[in-house]
């Protein structure tokens, strides 16, 4: 990951509108990871990541920033909700399962990368096994010359050509494949995931290496053997060692809804999943060792990004130790009508583009006029102000409502509008949404 903070922000701008402060904070945090890896080993061990706390209303881009960041970093990433966890000793998931899930994510990510690297070798090996099943074993050369061997080679090349062209896809063959019995599914009680994982691994290991002959179509057999050969070519021990390093040095954990575990000043009663969870998170964020399938994972250099709306509580309601472990505070702003307008048009694969392309599959064209987009943005902002502010998610509700009739009758409308697309202008938006937006009671329940 050698992108500069400016390049990271530029990439985030393709998908997320506004929130420049948050983008700069995460870009610097990501670049600092690269900078740390350039340091001498002795100094590198001393440099710890500066964890981030994002504060802002729902639907303004907190989660999306973290999600896009993980894709850019090509790093093990996991998003969890703080409300899913309970204090150790109570029924529910304990916070250490976050690191175990992160380790699983790292293995999955690296395995996919390794399989891509050996893809062509796996395809060649699968092709040879299919040809072995299609053709009898080569006859031993009898008498003088190698005429039969050459004849077999020519036949094999002919079948190889037909196989690659897909002419043999529907032909059935008997092929020996790895025996993968249906996995033993164990419903894990909350907090017992680690034990059930070990039991499942035990049962799956019992049938490892066993083969069985199956009758399959060539196309299905080719895919199955390709996957089997790719898995065989991947060095599992090396993969696990690399995954362990990736988790420890590059892992990113995004903890959403952290405001929901903040103790409110006037709240009473038990705090099984509030203050207790905060105290359990402390060692994880500060740096501790967690036992996982990959071995012992040190969390000292994992980057933690926490986020919350904090509309019923304040960041100061978190326990002081946790506040200290989230030193970088970033406030995300509520969206303005202009932001809504930009969200509808500017991002890569914007909402308007998605609907346009979806309806194009039915042969129906739609065109969003500038005044239509402006009016839609105004309505989204108005409804958010009058009712609950759910940020950019309001646009999904409005667009579904706006295009409901068009989506329902798309196949019928396609023939009527074959030469001219349906134009979504301010008048169209007002006729479909204006009345609902003005009536507060209706908008509260429908929009």
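Our numbering is plain: 1 for the first residue shown, then up by one each step along the chain.
Using N, Cα and C of the backbone, Cβ positions are placed for all residues, glycine too.
Features of the protein shown, as given by Swiss-Prot:
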- 17, 59, 60, 61, 62, 63, 64, 256, 321, 393: ATP binding site (BINDING)
Where residue 321 (ATP binding site) sits in the secondary structure, as DSSP reduces it to three classes: helix
Sparsest-packed among the binding-site residues, when each Cβ's other Cβ atoms within 10 Å are tallied, from 64, 321: 321
Proximal but sequence-remote residues of the same chain as residue 62 (ATP binding site) (Cβ under 8 Å, at least 6 apart): 22, 54, 56, 256, 307, 332
Winner by Cβ contact number (other Cβ atoms within 10 Å) across the binding-site residues 17, 60: 60
For ATP: widest Cα to Cα gap among 17, 59, 60, 61, 62, 63, 64, 256, 321, 393 in Å: 34
